[in-house]
């Protein structure tokens, strides 16, 4: 009986550690991210991207399936959707696909690009989504809200960026809903000038989604915990030069790129706890046989 009680509390404690309640994510400049803005190579990329898309399809079955579904949805809504000159079907399909089931895996790949650049199978998708956001941007700024189920912290020094495409909402209520937020997470209150309203393209228009590109940098960061949960205010946004530019165009420009793996200490701790949990529970189970 004693061993069962011990096993229960041990499992509970380790689970809390593994789920991230004790290991928050640090908000920084996302140094591993793929942040290409395709400056001065849009015309060339428009020619090359269809080929890259087919190559990605061959390596990424989920992307292929989600793209095909998004193509159908885009054809159904394009005639009732307003979009600027230069915005074509590939851009529309990319936006629709992003609001479906691709966002989590895609953003993980974008955020950790430098750790495994050869395994990045979203080359064309990243281009089309980036261009869609750039074309839709009306040069205006908005106050938006982004809820997360994981805790973020800020060191108090330096500018920050998300390093991935980040969904937000014009409505605080949406960001605080259980679909996006938990009390162990973070509410971001963001002044964005590069984010664009994609309500017309979204699979969930009631969310009033504003999509923020990962290269928007925030120079003023304020964190507080006055409402019983973590809040981070991001202000003074700016579009700064990216680490990558025209990377898949054959005339790549990079800024101080180091492709060595820069894994975080927090990831190592989480992995260790997962392994420890499994081993200890296994030993306790065997001891009761």
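Residue positions begin at 1 at the first shown residue.
Every residue gets a Cβ built from N, Cα and C, even glycine.
Computed from a predicted structure; not experimentally measured.
Counting only residues at least six positions away in the same chain, the Cβ atoms of 166, 167, 168, 169, 175, 180, 187, 188, 190, 212 sit under 8 Å from the Cβ of residue 146 (active site). The feature active site is assigned by Swiss-Prot to 146 (among others), with sequence analysis given as support.
Feature annotation from Swiss-Prot assigns active site to 167 (among others); the stated evidence is sequence analysis. The Cβ neighbour count for residue 167 (active site), using a 10 Å radius and every protein chain shown, is 23.
Secondary structure at residue 209 (active site), as computed by DSSP, is strand. The active site annotation in Swiss-Prot covers 209 (among others).
What Swiss-Prot lists as NAD(+) binding site is 98, 146, 164, 202. For residue 164 (NAD(+) binding site), the number of other Cβ atoms no farther than 10 Å from its own Cβ, over all displayed protein chains, is 22. Reduced to three states, the DSSP call for residue 164 (NAD(+) binding site) is coil.
When Cβ atoms from all protein chains are considered, those within 10 Å of residue 41 (disulfide bond) total 21, not counting its own. Annotation comment: Swiss-Prot describes 41-246 (among others) as disulfide bond.
Under 8 Å, Cβ to Cβ, and six or more positions away along its own chain, residue 193 (disulfide bond) finds 139, 140, 141, 142, 216, 237, 239. Per Swiss-Prot, the feature disulfide bond maps to 141-193 (among others).
Taken from Swiss-Prot, the feature domain 'TR mART core' covers 61-241.
The N-linked glycosylation site annotation in Swiss-Prot covers 79 (among others), and the record cites sequence analysis as its basis. There are 6 other Cβ atoms within 10 Å of the Cβ belonging to residue 79 (N-linked glycosylation site).
Counting only same-chain residues six or more apart in sequence, the Cβ atoms lying under 8 angstroms from the Cβ of residue 249 (N-linked glycosylation site) belong to 38, 41, 44, 45, 48. Per Swiss-Prot, the feature N-linked glycosylation site maps to 249 (among others).
Taken from Swiss-Prot, the feature GPI-anchor amidated serine applies to 260.
Taken from Swiss-Prot, the feature signal peptide covers 1-20, and the record attributes it to similarity to another entry.
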DSSP state at residue 146 (active site), helix/strand/coil: strand
Residue 164 (NAD(+) binding site) to residue 209 (active site) - Cα separation in whole Å: 15
Densest Cβ neighbourhood among 141, 246 (disulfide-bonded residues), 10 Å radius: 246
Spatially closest candidate among 98, 202, 209, the listed recorded positions, to residue 246 (disulfide bond) (Cα to Cα): 98
Mean predicted confidence [pLDDT] for the domain 'TR mART core' (61-241): 96
